[in-house]
Amino acid sequence: MKTVSLLIDMKQKQTKISMVTAYDFPSAKQVEAAGIDMILVGDSLGMTVLGYESTVQVTLADMIHHGRAVRRGAPNTFVVVDMPIGAVGISMTQDLNHALKLYQETNANAIKAEGAHITPFIEKATAIGIPVVAHLGLTPQSVGVMGYKLQGATKEAAEQLILDAKNVEQAGAVALVLEAIPNDLAEEISKHLTIPVIGIGAGKGTDGQVLVYHDMLNYGVEHKAKFVKQFADFSVGVDGLKQYDQEVKSGAFPSEEYTYKKKIMNEVNNND
């Protein structure tokens, strides 16, 4: 199983880190089989697999349920599970209880929490043995306030992001996700941190990249961000479903090839 020290070693050797956001047993199993370094169980599962309008409806129970499934599918991959909205920021005692519950019940390698304001939480969680991945730039749980737009696009905002990144590292974060920020800013932050920096919509200057399984494979998604490249097309599965429907209605399925051949009704009738 990959560890924090191995990920740091990859950064030091300038070996790029691959990360995929996945939400269930079969997708996690595929991700591990592909040799991907890390899996993120993101609260984006709310929209992607649960049909919610946003991440706001995602609960701690949702994250635990899906985190467990992913761990079962990828026992040897570094798994990070999101703290959902409301799980951090109530009180330090409650925050740590939520973090411990998520970490223990999913058997994850780390949890992830969003925003620059969580540095005290990172310090406390680290102190009790919970590895935390920080998330700066565009933070999906805050899109109601900041909107879906490029972050760090002004001199002041860029300087603040650099400071925030240094602060979360100093607080004890084991890695950092940077989302939707300028390429040169992400590269600068990556150079100045000793922990791995994983980018999504942050250019190629980071230590690694993360994309959502469903986005990169075109699986049930209607809108994809500018930074998403499609690596396969799972939407062709709809064609298979249509063919199945046609064959059931026409009687073509199941044919003899898919039917058990043993004759039993003669025996049943002879007993009458």
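The backbone N, Cα and C atoms fix where each Cβ goes, glycine too.
Database features, via Swiss-Prot:
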type	residues	note
BINDING	Asp43, Asp82, Glu114	Mg(2+) binding site
BINDING	Asp43, Ser44, Asp82, Lys112	3-methyl-2-oxobutanoate binding site
ACT_SITE	Glu179	active site, proton acceptor
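Swiss-Prot feature annotations superimposed on the structure.
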residue: Asp43; record: Mg(2+) binding site; DSSP class: coil
residue: Asp82; record: Mg(2+) binding site; DSSP class: strand
residue: Lys112; record: 3-methyl-2-oxobutanoate binding site; DSSP class: strand
residue: Glu179; record: active site, proton acceptor; DSSP class: strand
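If you measure from the Cα atom of Glu179 (active site, proton acceptor) to that of Ser44 (3-methyl-2-oxobutanoate binding site), you get 14 Å.
With respect to their backbone Cα atoms, Ser44 (3-methyl-2-oxobutanoate binding site) and Asp82 (Mg(2+) binding site) stand 9 Å from each other. Across the structure, Asp43 (Mg(2+) binding site) and Lys112 (3-methyl-2-oxobutanoate binding site) place their CA atoms 10 angstrom apart. Within 8 Å of the centroid defined by the CB atoms of Asp43, Asp82, Glu114, the record's Mg(2+) site, lie the Cβ atoms of Gly42, Ser44, Thr55, Val58, Met83, Pro84, Ile85, Lys112, Ala113, His135, Pro140, Gln141, excluding the listed residues themselves.
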